[in-house]
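**Student:** This structure is in structure tokens; I'll ask about it shortly.
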Amino acid sequence: MRLALEEARLAGLEGDVPVGCLVVLDGRAVGRGRNQVERLQDPTAHAEILALSAAAQALGSWRLCGAIAYVTLEPCAMCMGAFYQARVARVVYGAAEPKFGACGSRLDLTRPAGLNHTLQVVSGVLADASADLLRGFFRSVRRGARERAGGALPPPADDG
């Protein structure tokens, strides 16, 4: 998870929401990704999708049976779908995502009926570190918006 946090940190430095993902198979990192939606102007360039793609390329197969994905933020519906498609065995995530989270925060795609594949979901791993990265990023974004508006925007409520 610490390597996923490093990917998230890099995403934030590049101007994207700081989300990182690491795919591990047999104890070896086989794919990593960081959110690049803004950088690539691609709505599918989530950390999870990029990490799965990197893992598939590294292994020469889209089937990632037995793999574990470590993600700093609760995956969205698109990313959960990709984990199922790739046959990932376990998803471990840090911070909950109340707006788009698909592991119980907004939707619950952890046990969809009718699929021929199941995966285990573990939540809250290094959640505080993940949430701190996100809070810092959005605080900086709001500060920049206020500065561009010449201070016309009210200061944000203290969100921790």
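We number each residue from 1, going along the chain as drawn.
Any Cβ shown, glycine's included, is placed from N, Cα and C.
Just so you know, TrEMBL annotations never went through curation; they're auto-generated.
Below are the features listed in TrEMBL for this protein:
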ACT_SITE  Glu48  active site, proton donor
BINDING   His46, Cys76, Cys79  Zn(2+) binding site
DOMAIN    1-107  domain 'CMP/dCMP-type deaminase'
**Student:** Hey, does DSSP put Cys76 (Zn(2+) binding site) in a helix, a strand, or just coil?
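**Tutor:** DSSP assigns Cys76 (Zn(2+) binding site) to coil.
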**Student:** Provide, as an integer number of angstrom, the distance between the C-alpha atoms of the residue listed as 'active site, proton donor' and Cys79 (Zn(2+) binding site).
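**Tutor:** So the alpha carbons of the residue listed as 'active site, proton donor' and Cys79 (Zn(2+) binding site) sit roughly 6 Å from each other.
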**Student:** Which of the listed binding-site residues (Cys76, Cys79) has the least company, meaning the fewest other Cβ atoms within 10 Å of its Cβ?
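**Tutor:** Per-residue Cβ counts within 10 Å for the binding-site residues Cys76, Cys79 bottom out at Cys76.
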**Student:** Using the centroid of the Cβ atoms of His46, Cys76, Cys79 as reference, list every other same-chain residue with Cβ within 8 Å of it (recorded Zn(2+) site), in sequence order.
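**Tutor:** So the additional residues around the site are Ala47, Glu48, Ile49, Pro75, Ala77, Met78, Met80, Ala82, Phe100, Ala102.
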**Student:** Are there any residues at least 6 positions away along the chain from His46 (Zn(2+) binding site) with a Cβ closer than 8 Å to its Cβ? List them or say none.
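**Tutor:** Result: Val19, Cys21, Gly33, Asn35, Val37, Cys76, Met78, Cys79.
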